[in-house]
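Chemist: First the structure, then my questions, so here it is.
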Amino acid sequence: MNTSHYSVLGHTVPYPKVYDPSLLFPISRAVGRTQIGIGVVLPFVGEDRWHAYELSWLDARGKPCVATATFHVPCDSPYLIESKSLKLYLNSFSAEVFNRAEALRLRIAADLSACAGAAVAVEFGLPPVGSGDKEISLDRLNVDIEDYGPPNPDYLSNVAQNLVEEMVEETLTSTLFKSNCPVTGQPDWASVTVRYFGMPIDHEGLLRYFISFRHHAEFHEQCVERIFQDVLQRCAPQCLAVEARYTRRGGLDINPLRTTSEMAWPLSVFRDPRQ
């Protein structure tokens, strides 16, 4: 079984000079999911949306071409794609000749699909930078914080029933999220958004919960699935979507999305301003 311990992550490796799809390194999703009580039947749908900013190849006359791209890895794929291996793989196209950009797109889609074990959609270009119209920022809350890890779901609760009578639909967001790479210890910064329909979730508790990831070491995708599970179990919304938009590293950023319903997908069609 592939694990991060055997990947290039955390190691100094030479940058490839020729195209090499074997650089891509899959990591089993099942390992991280078992730790948070997720079995074969997933409680969510969604994707890991990657934005690639450093993609270059040669045209038929040897002239360099550059582009950006978006990759959509389905969350029900058996494997996630390790980030440094993806960076090195994309760099390996820098001296590869393609007569048409479409041929490159198809090659990348085939290679990423083989690595993930499921069909990965690839398109050139990136979403625009922006934010949702009705997002409520939790960063404005005036709270004292003392707990920075491990993640503490005890902070999650609904507003007391004697204070509310009706279900609500809210989109709650925070730019204060930080977790850490489990291999290198490098900080991973993100904006996290929770959209739900149900009894009101306590805003201060949700912010405290987010900040309790600050010393936690876990892959991006697993952090989002942990948040989804904890909010679903502690607050019992009828519908739930969780998305994290991580800042760029190595010419890539990742945006995992997990939702109870494809009706809420995608949660956002924007990139975060910090991306």
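Using the three backbone atoms N, Cα and C, a Cβ is placed for every residue, glycine included.
So Swiss-Prot lists these for the protein:
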- Cys181: active site, thioimide intermediate (ACT_SITE)
- Asp188: active site, proton donor (ACT_SITE)
- Ile81, Glu82, Ser83, His220, Glu221: substrate binding site (BINDING)
- Ser83, Lys84, Arg249, Gly250: NADPH binding site (BINDING)
Chemist: Any idea what DSSP makes of Ile81 (substrate binding site), helix, strand or coil?
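Modeler: DSSP assigns Ile81 (substrate binding site) to strand.
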Chemist: Identify all same-chain residues not among Ile81, Glu82, Ser83, His220, Glu221 whose C-beta atom falls within 8 angstroms of the centroid of the substrate site's C-beta atoms; report them in sequence order.
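Modeler: Other same-chain residues with Cβ inside the cutoff are Ile27, Asp48, Leu80, Leu86, Phe219, Ile254.
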Chemist: Among Ile81, Cys181, all listed as recorded positions, which has the most CB atoms within 10 Å of its CB?
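Modeler: The most densely surrounded of these recorded positions is Ile81.
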Chemist: Counting distance between Cα atoms, which of the binding-site residues Glu82, Ser83, His220, Arg249 is nearest Cys181 (active site, thioimide intermediate)?
Modeler: His220
Chemist: Given the recorded positions Lys84, Asp188, Gly250, which lie within 10 A of His220 (substrate binding site) by CA-CA distance?
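Modeler: Near His220 (substrate binding site) by Cα: Asp188.
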Chemist: To the nearest whole angstrom, what is the C-alpha distance linking Glu221 (substrate binding site) and Arg249 (NADPH binding site)?
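Modeler: So the alpha carbons of Glu221 (substrate binding site) and Arg249 (NADPH binding site) sit roughly 15 Å from each other.
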Chemist: Note down the number of other Cβ atoms within 10 Å of the Cβ of Gly250 (NADPH binding site), including every protein chain shown.
Modeler: 15
Chemist: Under DSSP, is Glu221 (substrate binding site) helix, strand or coil?
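Modeler: Note: Glu221 (substrate binding site) is helical by DSSP.
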Chemist: In sequence order, which same-chain residues at least six apart have a C-beta under 8 angstroms from Asp188 (active site, proton donor)?
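Modeler: Those within reach of Asp188 (active site, proton donor), by Cβ under 8 Å and sequence separation of 6 or more, are Lys178, Ser179, Asn180, Cys181, His220, Cys223, Tyr246, Thr247, Arg249.
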